[in-house]
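Database features (Swiss-Prot):
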- Lys95: active site, proton donor (ACT_SITE)
- Asp40, 62-64, 93-102, Tyr229, Arg247: substrate binding site (BINDING)
Amino acid sequence: MSSKSQLTYTARASKHPNALAKRLFEIAEAKKTNVTVSADVTTTKELLDLADRLGPYIAVIKTHIDILSDFSDETIEGLKALAQKHNFLIFEDRKFIDIGNTVQKQYHRGTLRISEWAHIINCSILPGEGIVEALAQTASAPDFSYGPERGLLILAEMTSKGSLATGQYTTSSVDYARKYKNFVMGFVSTRSLGEVQSEVSSPSDEEDFVVFTTGVNISSKGDKLGQQYQTPASAIGRGADFIIAGRGIYAAPDPVQAAQQYQKEGWEAYLARVGGN
């Protein structure tokens, strides 16, 4: 898979074939941040408070909306308003993993109403190609009013110890991304997938998938449940375009100060990668 990670966000935005990825790169450049904060809190008040306080320093807020104890219209409208106020995208880390008919309903129907407010979603390809096809089909349907403002990340790798998301699974992730590139904007992975060789698909000249890397933490190397952390510099150096940090920010004594530190380190690592100062 070809990689354009040595190019600036501005250069990538100017030629990117995916409208949401283009917007994401423009946000990153405008705010000088590649930080995604994983806001793993359990009440709407906590979520909206974090989104408002950290909004100026992040490109994306990542939610696990089903862990909220009080999800309601207030959650949805509040999050959408803050995304507009602070110019960030919303990534619902739902990790869809079921047959196509089911995930279509989970995404565009149901109590969580994910398609209404989440710019970005993700899925595992363990069920096969059908899950990506189904989500892409939903997003391109005539009655889907959000169109190019929605995109999918394929969970190609994970940072947990002993992860089975390796080898052929990762290669197939690349294959499906290429086939459904109008909706698939990139991957959640531990590195650039530029060296992945496929016998099924080949890169096009304009191919430019966005890489999000989870498990970024400045002060910790892991936890007791098998999570393995990278620093902002190591993640960006391995090909991440956007770094995802959770407890290192929201559980810090001063989350705003922590977000600013991740923003600084992530941006410096990006400038070093593209040859800036």
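Glycine too: its Cβ is placed from the backbone N, Cα and C atoms.
Small disclaimer: the values here were computed from a predicted structure and weren't measured.
Everything Swiss-Prot records as a feature, shown here on the structure.
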| residue | record | contacts (Cβ under 8 Å, 6+ apart) |
| --- | --- | --- |
| Asp40 | substrate binding site | His64, Ile67, Gly246, Arg247, Tyr250 |
| Thr63 | substrate binding site | Ala39, Leu47, Leu79, Ile90, Phe91, Glu92, Asp93, Ala118 |
| Lys95 | active site, proton donor | Asn122, Cys123, Ser124, Leu155 |
| Ile97 | substrate binding site | Val103, Cys123, Ser124, Leu126, Pro127, Ile131 |
| Ile99 | substrate binding site | Pro127, Gly130, Ile131, Ala134 |
| Asn101 | substrate binding site | Ala134 |
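Its own atom aside, the Cβ of Tyr229 (substrate binding site) has 20 Cβ atoms within 10 angstroms in the protein chains shown. Following the DSSP three-state reduction, the secondary structure of Asn101 (substrate binding site) is helix. Counted within 10 Å of its Cβ, the other Cβ atoms near Asp93 (substrate binding site) come to 22, all protein chains included.
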